[in-house]
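S.K.: Feature annotation from TrEMBL assigns region 'Disordered' to 1-21. Among the features that TrEMBL reports, transmembrane segment is placed at 28-52, 64-84, 90-111, 145-167, 179-197, 289-313.
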Amino acid sequence: MEPEDDGKELFNGTDDNSTPAKNDNERVITVVAFFSFGFILYSVASLLIAAAEDILRGSDIPTSAVLSCIIGPYVLITLVSPYFAQNIPYLPRVIVVFILYEVGLFSLVYVTRVEAKLLSVCLMSFAFGVGEMSSIAMTSFFNQVVVGVFSAGTGVGFITAPLYYTAMTTWFCVSSETTTLTVAGLVVLYLLFYALMERKHSDTCTTSRKPQHETFNYIQYERVEETTSEQDSPSPPLLTTAEKLQAIKQILPTILCVVISWISEYLVTQGVITTYAFPNSPFPPRDYYQYYITLFLMGEFIGRSYLALVSLISQNSLPK
C-alpha cells in the first residue's frame, strides 16, 4: 500500500503545482474554508437585515435607514477596491474584516444611541464588502470547485441567519442583543479557517513550492537589434462607436433585468413588508417583520439556487 499524503485532498486534477489556478488537488480544509467564508459573510449581512427593526427600537427612524447602511458602504468598497486592492496582501484584509465585524457587533449591542448603532452597521457593511471581494479574488488561485463551494456557503448563510434570529427572538424569547452576540463567535471562525487553509495565494507559499535544487546557468549574450517588422507591426484596431453601441445593446437586457430585480427587492424590503400588519393575528406586531423577512430571504435563496435544484432533477432542463 502506498503511503498517504500529509493531508487529504479532493478533486484530483493535473499534477502541475506551479500554476495554482489550474485543476490541481484541493485539500478538505481549503474547501471547508471557502464554504465558511461565504457562510459567515452572508450570515452577518442577512442577520442585520432581520434585526433592522430591533436596531431602531424606540426611535422614529424608518427601517430603510438600516438597509441603506447595509448596502451603502458595501457598494462603495466594491466600486473602489479594484483600483488598489491587489497591492494589499490577503492577511491584512482578513484581519481588517475580523476587527470590523467584532467592533461592529459589540458596539451594536452595547451602545444606546440609534445613530451609533447605524454607524456599527456601516462598519460591518464595510467588512462585508472587503471580505467578499477578497474571498472571490482568492478563488482564482485554486481549483474552480472552490467558486461553487463559496457560492453554496453564501446561499446557506443567506437563509440560516434569518431563521436563527427569528427562532431565537420570537420562539425562544431570547433578546436580540444576546442573539447578536452569539454571531460574534461565528466571526472568529473566519480568522481560524484562513489560518488553516492552504496558502496558494501567498507569495511565500508559491516560493516554497518551487524545487529547492533549481539552478541557473549564466551564459554570455549579445544584444539583438529590433527588426523593422517588429517596429512597424500594426497596433490592435480600436472599436468603433457603432461596435461599442452594438455591444451595449447586446448586454442591455441582462443589465435591465438585474437593475429591475434589485429595485424591486429593496422597494419590497424597505416600503412594503415593514408596513403590513393584520388585526387578531396569532403573533404580536413586532414579529411581523421577522416572519416577512425570513420568508422573503427564503424565496430569494430558492431563486438564487434554482439552477442547482433543477440540475438535481434533470440535467437536460438546464439552459445551454
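Cβ atoms are placed via backbone N, Cα and C, with glycine included.
On this model, are these features tucked inside or out on the surface, and what's nearby?
M.R.: Through the fold, the transmembrane segment (28-52) approaches residues 7-11, 63, 66-67, 70, 74, 101, 105, 121, 124-125, 127-128, 131-132, 135, 138-139, 142, 145-146, 149-162, 164-166, 176, 179-180, 183, 186-187, 189-190, 193-194, 196-198, 269, 289-290, 293-294, 297 of its own chain, all at least 6 residues removed from its boundaries and within a Cβ separation under 8 Å.
Residues 44, 55, 117, 119-121, 123-124, 126-127, 130-131, 134, 138, 177, 180-181, 183-184, 187-188, 190-191, 194, 201-202 of the same chain lie 6+ residues outside the transmembrane segment (90-111) yet bring a C-beta within less than 8 angstroms of a C-beta in it.
Same-chain residues lying 6 or more positions outside the transmembrane segment (145-167) and placing a CB less than 8 Å from one of its CB atoms are 10-11, 26, 30-31, 34-47, 49-51, 135-136, 139, 176, 179, 183, 290-291, 293-294, 297-298, 300-301, 304-305.
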